[in-house]
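Okay, structure first, notes after.
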Amino acid sequence: MQAVIPKVILNSGRVMPILGMGTASFPAVGPEEARVAILNAIKIGYRHFDTSSVYQSEEFLGEAIAEALQLGLIQSRDELFITSKLWCTDAHPDHVVHALQNSLRNLKLEYLDLYLIHFPVSIKPMKYEYPIKKEHLLPMDYKSVWAAMEECQKVGLTKSIGVSNFSCKKLQTILDTASIYPAVNQVEMNPVWQNLKLREFCKAKGIVVTAYSPLGASGTPWGSNAVKEAQELHEIAETRGKTHAQVCLRWVYEQG
């Protein structure tokens, strides 16, 4: 039996399932494991999938979508909501459209539902490296990069555009010159890291906040055990007869 996942209407007029499956993994998983996980997610009702050029999961996701269509798990690509992101090495005005086209080739899709600027910083065009060296960081030309994002939406490469990891101040810089407002700001958010000020700012501007690492991303370079070890969350879970993860996800859902 498939789950019924609520949806939200974005400022672009498009409808987005509020629960999605992220395809970033640390450490990285193999293509077969990723494919099976995505297919199982589709079987139980997931329709929103999040990727990025830097995750190196776009091709796996595209293969899983093609297989889901072949198996009849979905009847049309239009049943899915696919999000990808512009990595910092392509966060330059003359790279944006090409980067999105490359993501579409990897995914074997004609369009994205949502395309996000991954981080509010640019990096010299180069192969991906981690950790990122300070000398490779560049200030982002917000106005021109966002104009290129708007062009992606205008020509139909993506249905909606947005940002990720943007503060109130950096969002306002975009809004000051935008002809199309960001539909989404994807940020880290969970019961321990609540991002209240940012959420209030986005709500006032008609921007939907989506949360990554709702369970705290324990075991990753950016995460911590704070959510995992929060005693209050475990007490709520025990009282309600739910798992710790269910309580965390419910909290994010109830923030709107």
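Easy rule for this one: first residue shown is 1, then count along the chain.
A Cβ is built for glycine as well, from the same backbone N, Cα and C atoms used for every other residue.
TrEMBL annotations: computationally assigned, not manually curated.
Fair warning: this is a prediction, and the values are worked out from it, not measured in the lab.
Going by TrEMBL, these are the annotated features:
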DOMAIN    19-254  domain 'NADP-dependent oxidoreductase'
ACT_SITE  Tyr55  active site, proton donor
SITE      Lys85  site 'Lowers pKa of active site Tyr'
BINDING   His118  substrate binding site
| request: Specify the count of other C-beta atoms within 10 Å of the C-beta of Lys85 (site 'Lowers pKa of active site Tyr'). | output: 28
| task | Between Lys85 (site 'Lowers pKa of active site Tyr') and the residue listed as 'active site, proton donor', find the distance joining the two CA atoms and give it rounded to the nearest Å. | result | 9
| message | Between the Cα atoms of the residue listed as 'active site, proton donor' and His118 (substrate binding site), what distance do you get, rounded to the nearest Å? | response | 11
| query | What number of additional C-beta atoms lies within 10 angstroms of the C-beta atom of the residue listed as 'active site, proton donor'? | reply | 21
| Where Tyr55 (active site, proton donor) falls in three-state DSSP terms | helix
